[in-house]
Protein chains: 4
Amino acid sequence: MSDAASVKKVVLAYSGGLDTSVILKWLQTTYQCEVVTFTADLGQGEELEPARKKAELLGIKPDNIFIEDLREEFVRDFVFPMFRANAVYEGQYLLGTSIARPLIAKRQIDILRATGADAVCHGATGKGNDQVRFELAYYALEPEVKVIAPWREWDLTSRTRLIEFAEAHQIPISKDKRGEAPFSVDANLLHSSSEGKVLEDPSLAAPEDVHMRTISPEEAPDQPTLMSIDFEKGDAVAIDGEALSPASILTRLNELGKANGIGRLDLVENRFVGMKSRGVYETPGGTILLAAHRAIESITLDRGAAHLKDELMPRYAELIYNGFWFSPEREMLQAAIDLSQKEVSGRVRLKLYKGNVIVTGRESPNSLYNQELVTFEDGAVAYDHRDAAGFIKLNALRLRTLAARKNRAEN
Amino acid sequence: MSDAASVKKVVLAYSGGLDTSVILKWLQTTYQCEVVTFTADLGQGEELEPARKKAELLGIKPDNIFIEDLREEFVRDFVFPMFRANAVYEGQYLLGTSIARPLIAKRQIDILRATGADAVCHGATGKGNDQVRFELAYYALEPEVKVIAPWREWDLTSRTRLIEFAEAHQIPISKDKRGEAPFSVDANLLHSSSEGKVLEDPSLAAPEDVHMRTISPEEAPDQPTLMSIDFEKGDAVAIDGEALSPASILTRLNELGKANGIGRLDLVENRFVGMKSRGVYETPGGTILLAAHRAIESITLDRGAAHLKDELMPRYAELIYNGFWFSPEREMLQAAIDLSQKEVSGRVRLKLYKGNVIVTGRESPNSLYNQELVTFEDGAVAYDHRDAAGFIKLNALRLRTLAARKNRAEN
Amino acid sequence: MSDAASVKKVVLAYSGGLDTSVILKWLQTTYQCEVVTFTADLGQGEELEPARKKAELLGIKPDNIFIEDLREEFVRDFVFPMFRANAVYEGQYLLGTSIARPLIAKRQIDILRATGADAVCHGATGKGNDQVRFELAYYALEPEVKVIAPWREWDLTSRTRLIEFAEAHQIPISKDKRGEAPFSVDANLLHSSSEGKVLEDPSLAAPEDVHMRTISPEEAPDQPTLMSIDFEKGDAVAIDGEALSPASILTRLNELGKANGIGRLDLVENRFVGMKSRGVYETPGGTILLAAHRAIESITLDRGAAHLKDELMPRYAELIYNGFWFSPEREMLQAAIDLSQKEVSGRVRLKLYKGNVIVTGRESPNSLYNQELVTFEDGAVAYDHRDAAGFIKLNALRLRTLAARKNRAEN
Amino acid sequence: MSDAASVKKVVLAYSGGLDTSVILKWLQTTYQCEVVTFTADLGQGEELEPARKKAELLGIKPDNIFIEDLREEFVRDFVFPMFRANAVYEGQYLLGTSIARPLIAKRQIDILRATGADAVCHGATGKGNDQVRFELAYYALEPEVKVIAPWREWDLTSRTRLIEFAEAHQIPISKDKRGEAPFSVDANLLHSSSEGKVLEDPSLAAPEDVHMRTISPEEAPDQPTLMSIDFEKGDAVAIDGEALSPASILTRLNELGKANGIGRLDLVENRFVGMKSRGVYETPGGTILLAAHRAIESITLDRGAAHLKDELMPRYAELIYNGFWFSPEREMLQAAIDLSQKEVSGRVRLKLYKGNVIVTGRESPNSLYNQELVTFEDGAVAYDHRDAAGFIKLNALRLRTLAARKNRAEN
């Protein structure tokens with residue numbers, strides 16, 4: 001990995017921004033190697049064509065510039081499978097950053113193979129989780145790949161030196177990038193995150209202007225928005241009855257969530273690399289989707305399946321957070337989860353109001369809810385009150401045996 | 001259990017309402033036994049003295065009337081230990097009804113021993129979870145106790161017959177109890193629940209008037225409420241800096257939650273007795289408490305402890321929901337959870353606004369959050385970027401071995 | 001269920017023995033219904049034709065007599081999937097009885113449908129687990145089926161009364177069935193179990209003569225038996241290089257185990273119905289198979305998959321023990337387990353000697369074992385000792401933070 | 001850590017053997033620092049006084065030589081707590097090496113504090129688990145300690161160079177240490193392990209002469225040994241009725257196991273550092289202890305507690321294997337496990353025979369086994385056969401609802 005001389009061609013995850021442009025140039029100068037840029041639209045809300053121009057400006061051959069719209073693949077093959085699990089990390093975080101990394105890494109490896117490259121490079125820092133997520137995915141897909149992580153290798157360890165390097169290499173610097181950013185940002189179709197600098201003191205509230213995806217509950221309209229989501233086999237397929245593609249669904253949910261001040265989260269989390277960090281996340285569409293998915297499961301999923309899912313979920317979420325998407329154990333859990341979703345179809349009605357996602361109805365042709373069974377009257381259905389007596393007696397048997405031992409010991 | 005003749009004295013969980021008054025009289029006439037009434041204040045919001053008068057009216061000797069204020073014990077020994085676990089059932093339900101049953105059962109058994117009674121009786125129906133919770137607790141505490149569950153035994157299976165029985169036995173019936181209640185209610189200091197009748201169709205929104213503990217987010221004030229909760233060893237001990245008893249804390253949190261439209265939940269859940277049911281819960285104070293507890297844990301709890309807690313939680317919550325409070329496995333889990341809370345002390349600041357509980361700050365003398373470790377600059381602290389490379393390489397080793405096998409197989 | 005009049009035709013799990021013959025006659029006399037007998041060969045080691053004759057003798061029409069050899073289906077679709085999970089209940093029991101019940105129940109329901117019957121009947125007692133296993137399977141496959149469990153319904157509660165009933169109805173009684181059996185037995189191709197009577201005191205050793213499947217280690221030959229098992233995708237497919245069908249493999253392993261005194265187990269277990277019971281199990285082939293399966297997994301299964309399997313296993317085993325084979329949660333776990341077995345192929349060599357199963361070698365084209373990685377010398381392989389330092393440092397980071405807090409508190 | 005100049009005094013885990021003697025000298029020459037040697041008797045079966053002499057010979061001041069008999073502490077505070085959990089790693093390994101490391105590390109840190117040292121040093125290699133176990137324990141106890149791991153730092157990477165270094169520094173070399181050892185060994189009172197070199201091919205049987213703690217089953221006597229173990233609160237306290245200290249118990253069990261060919265294990269395991277390795281373990285006493293502990297638990301532990309323990313065990317074992325003894329999550333699990341052991345007292349009788357540990361009886365004043373409950377006859381006890389019907393019906397309810405949905409879909 002440290003053997004610079006041996007790299008011939010490297011596939012760089014390239015955003016077109018200042019940092020990855022510096023990396024691009026640093027790779028050329030340090031490794032004397034050919035650079036392939038890969039720029040993906042995962043719904044981060046930036047145009048991609050400027051990245052192409054900038055790459056060309058920095059000397060990348062057109063054949064070595066890869067720009068792809070991955071939004072559908074991202075939602076269909078990564079976000080939706082994860083939401084089938086109701087995955088939340090540490091009880092709260094919807095894993096918006098974590099779930100995007102494996103897809104980027106996978107495409108880098110695809111391009112490495114297509115272009116005959118021998119190395120990959122990412123712009124994640126040396127203290128975060130993303131370096132782990134990128135690199136575990138790289139290695140899981142291509143075990144002998146060379147991985148270059150500039151932030152762990154170079155000496156551009158301050159903003160000043162980075163800017164100097166950029167200036168020395170004629171890298172264009174937009175004005176707002178000259179100074180230190182007040183916080184760092186990651187964004188994709190599922191969420192945006194902010195962390196660092198002004199957010200580093202967890203005893204202080206996050207400033208309003210770190211939010212980019214949502215208006216605040218206070219600013220949201222006084223009138224609620226009523227809507228519905230249709231599910232098929234655990235995945236959202238329509239909004240307000242209109243069938244939409246996966247990415248279109250999430251886009252639409254993001255708009256609805258944003259407008260109603262939904263999906264903000266300010267938390268301190270435990271990184272895989274060992275320290276605690278504080279982040280502000282905005283997941284407007286995902287927050288609605290999670291509530292709706294739990295609601296449709298509530299009438300279509302059996303208790304045994306539901307409880308097993310709840311017990312497996314923390315492990316599943318931890319695997320994704322830690323970067324083990326491409327691991328046998330994540331795939332095993334996914335197989336179990338996916339099997340449970342066969343009948344998770346139907347419609348959920350929701351009320352969105354100033355940060356609240358309120359379930360107002362759920363219905364399904366596959367519903368396991370049986371009104372006759374719950375009604376207080378003894379009905380025609382096969383529920384005999386006396387069964388409950390036996391059920392309790394046998395469940396109590398071991399507890400009674402324990403109590404008898406205790407009484408024995410005390411007498 | 002069915003041997004009516006053998007019951008001499010029975011301790012009845014008596015609310016003073018129509019149903020348990022009918023039970024009282026039915027016990028006297030059916031079992032020809034002495035009845036001891038036990039009426040507890042768990043914060044359900046009803047006065048207890050009317051229950052005393054009504055019991056006397058129905059012929060209970062003063063010595064056989066037990067009325068107790070259990071609010072402090074309830075919160076201190078049941079609610080707070082449960083909140084240390086961040087317990088939620090099926091991802092959502094804060095277990096407000098479940099957690100009250102073991103305490104009532106425990107006091108019934110205490111009174112049974114004090115009065116020399118040989119049986120206990122509750123008013124829970126034959127289709128719900130509460131019968132299980134009461135009876136598992138009875139048996140776990142007194143293995144040879146006789147348990148009488150009138151709703152599973154008698155023939156008063158319609159409202160009409162119940163009213164007839166009441167009239168035949170001179171039981172006072174308040175006007176609003178003559179007809180069928182539009183839904184049934186349970187309440188204590190932690191929550192109130194509504195279920196049945198008008199709520200039985202899960203495709204329909206709950207009517208506004210089933211709510212009794214909270215105003216709706218829409219009705220809540222346009223100005224947020226700012227507040228703080230102090231924790232010691234995992235339990236809330238003060239609000240806005242004012243030290244309060246456990247019950248006083250929950251009472252105050254309920255007021256704050258109610259005023260801000262916080263803590264409503266409308267869900268379909270899976271009962272232990274096997275069917276799905278739909279309930280509307282209001283847990284204003286508990287909802288605030290859970291958010292605050294997670295926040296104080298986020299800076300004081302180690303990752304290993306936090307993740308273990310998250311993995312154990314679904315099981316723990318299921319045990320409480322199913323009525324196994326007095327079981328060795330719940331106590332084992334509690335021991336693990338309680339150990340984790342030794343350092344969970346500090347202050348959490350919150351903003352309450354129209355249904356939202358927003359964490360605006362957390363601080364603790366025991367904080368594990370280390371600003372130096374997260375800052376993007378390499379600092380004086382013992383974090384070397386190169387360590388991350390090794391960390392990733394060894395975590396990747398098995399994945400690389402797997403990938404090599406896959407490549408081998410494909411070539 | 002108690003409405004005797006309503007049963008028209010019942011499918012009885014019929015062994016041909018005294019007890020189920022009494023049940024057959026009792027069904028005819030009590031329910032006045034047509035009886036269909038189902039007798040299966042699951043490898044219990046009894047001939048089936050006598051059952052046919054006896055059924056005819058008791059008045060069953062030839063069309064209503066079903067006799068099937070289910071040995072291959074039993075091993076292929078029940079035993080082998082379970083062994084993929086390395087399932088053991090309470091750390092020891094290989095679930096030999098538990099795994100046979102779902103198959104018998106499934107075939108009874110198949111026959112119910114084929115014959116237009118409306119009820120099923122089994123001969124399991126009212127205190128054991130088997131009644132639960134049969135009936136949960138019945139209901140999971142045919143929700144409205146009527147279930148008749150004579151041992152919970154009739155009044156033939158002593159051996160004497162049973163014999164009297166048999167004599168009164170001209171049921172042939174072999175001499176050895178006249179008295180009380182010294183213990184009760186269940187057997188199939190996977191195991192035999194003995195329990196009750198002479199085994200009821202767990203402080204006393206089991207008499208030698210309860211064993212029917214194995215000779216004792218003491219009696220086993222002084223020379224070890226060397227052998228090998230080949231696996232494909234987690235299932236045994238050959239012994240000593242000879243490809244065999246599933247049932248043939250288990251049969252052969254049973255012979256080898258029996259001859260070498262392998263597979264005896266004497267334990268006290270916790271029944272699902274709430275009490276402890278003591279059983280003596282003999283699982284000669286299964287004991288060998290489990291050791292061999294773990295051995296082939298040890299070189300072909302990744303750590304992440306292996307550890308997840310180990311964590312899920314107790315739950316999986318409990319589900320099978322409790323009778324939840326046909327449940328969504330068992331199927332979910334099976335999906336996860338089966339996915340892990342794709343590469344579990346190869347050969348395991350074993351030495352069998354007086355009760356011991358000793359692994360002497362394992363090899364696989366899919367092996368993940370990499371001699372170069374473990375060798376003490378630093379080699380060409382991609383393992384840098386310095387990586388270990390980083391790995392440890394980051395794993396230690398949270399522990400160091402905890403220790404620093406502790407030191408702070410103490411100073 | 002790499003700042004050699006800064007180390008003033010280092011506490012070395014010193015065995016007195018060639019390798020740690022080379023380390024000792026290497027520390028002196030490389031770090032120019034004072035060396036404190038710590039030599040512990042954990043039951044590895046070697047005399048300690050030669051280590052003192054050798055340390056003196058190598059220039060260590062008498063005050064800097066620490067020699068301690070830790071056998072009682074080892075068994076009482078580490079081995080026994082672990083056996084309360086029935087801990088086995090990957091289904092088989094009794095964690096004999098893993099459990100010794102935290103104690104050695106703890107004593108090194110104690111001595112570091114007592115002597116004012118600032119660094120610790122161990123002799124574990126850079127590819128194994130032991131380096132992780134030592135260092136995680138160091139850091140968990142003393143977060144700012146400097147850790148020296150010579151095998152990751154120095155250039156003595158071949159046997160030849162090591163010997164050369166020893167000769168150059170007048171370190172005595174016993175003849176049998178001149179050549180390459182055919183395998184490497186670790187030993188303590190719980191077990192001995194062998195790995196490497198002749199054992200590196202997992203397809204080949206382990207040579208007989210790697211075993212040092214046990215005779216083979218074949219060589220073991222033809223007569224079984226009958227014995228008993230008494231337990232109190234989960235720990236062994238007496239053998240054959242004779243009360244013994246923890247270390248004496250394990251010593252005696254080792255003798256009995258050795259003589260009867262008990263406790264050999266040949267397996268391929270997954271190391272925390274990422275590769276598979278093959279080891280031969282001998283745990284004669286531990287193997288007996290595990291079987292006996294499970295047996296006494298089988299009559300004294302409630303099902304709920306027992307199953308929770310079984311589910312937690314793999315995680316607990318993994319934590320110990322990976323070196324997280326001093327972690328909050330291990331301590332949480334221990335708290336749960338220890339609570340379960342309060343009533344785990346009584347006597348287990350065993351037959352030891354040629355590799356077999358056969359339970360022949362278990363009895364306890366705290367037994368939960370109730371002969372009346374299991375007996376086939378309906379007795380005086382509170383078990384009503386009809387309860388089983390209700391128990392099954394309610395357990396089946398959700399499965400019937402599922403089946404009804406399936407039937408609905410198919411029609």
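For all residues, glycine too, the Cβ spot is worked out from N, Cα and C.
Residues or ranges marked as ATP binding site by TrEMBL: B:Ala13, B:Tyr14, B:Ser15, B:Gly16, B:Gly17, B:Leu18, B:Asp19, B:Thr20, B:Ser21, B:Ala40, B:Gly123. Under the DSSP three-state reduction, B:Ser15 (ATP binding site) is assigned to coil, being neither helix nor strand. Its Cβ taken as reference, B:Ser15 (ATP binding site) is surrounded by 20 other Cβ atoms within 10 Å in the chains shown.
Every protein chain considered, the tally of other Cβ atoms within 10 Å of the Cβ of B:Tyr281 (L-citrulline binding site) stands at 27. Annotation source TrEMBL lists L-citrulline binding site at B:Tyr93, B:Ser98, B:Asn129, B:Arg133, B:Ser184, B:Ser193, B:Glu269, B:Tyr281.
Positions annotated as L-aspartate binding site by TrEMBL: B:Thr125, B:Asn129, B:Asp130. In the shown protein chains, 21 other C-beta atoms lie within 10 A of the C-beta of B:Asn129 (L-citrulline binding site).
What TrEMBL records for B:9-172 is domain 'Arginosuccinate synthase-like N-terminal'.
Taken together, the residues of the domain 'Arginosuccinate synthase C-terminal' (B:183-400) have an average pLDDT of 95. TrEMBL lists B:183-400 with the feature domain 'Arginosuccinate synthase C-terminal'.
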Sites among the binding-site residues B:Asp19, B:Ser98, B:Asn129, B:Asp130, B:Glu269, B:Tyr281 close to chain A [C-beta, under 8 Å]: B:Glu269
Rounded distance in angstrom between the Cα atoms of B:Tyr93 (L-citrulline binding site) and B:Asp130 (L-aspartate binding site): 15
Minimum Cα separation from B:Arg133 (L-citrulline binding site), reported as the residue among binding-site residues B:Ala13, B:Ser15, B:Asp19 that achieves it: B:Ala13
Top Cα neighbour of B:Ser193 (L-citrulline binding site) in the set of binding-site residues B:Ser15, B:Gly17, B:Asp19, B:Ser21, B:Asp130: B:Asp130
All-chain count of other Cβ atoms within 10 Å of B:Gly123 (ATP binding site): 21
Residues close to L-aspartate site centre defined by B:Thr125, B:Asn129, B:Asp130, Cβ within 8 Å: B:Ala124, B:Lys127, B:Gly128, B:Gln131, B:Val132, B:Arg133, B:Val273
Neighbour tally for B:Gly17 (ATP binding site), based on other Cβ positions within 10 Å of its Cβ: 16
CB contacts for B:Arg133 (L-citrulline binding site) [other CB atoms within 10 A, all chains]: 28
Spatial separation of B:Ala13 (ATP binding site) from B:Asn129 (L-citrulline binding site) - C-alpha basis, Å: 16
Alpha-carbon spacing, B:Asp130 (L-aspartate binding site) to B:Ser98 (L-citrulline binding site), which is rounded to whole Å: 7
For B:Thr125 (L-aspartate binding site), the number of other Cβ atoms found within 10 Å of its own Cβ: 19
Residue among the binding-site residues B:Asp19, B:Glu269 whose Cβ has the most other Cβ atoms within 10 Å: B:Glu269
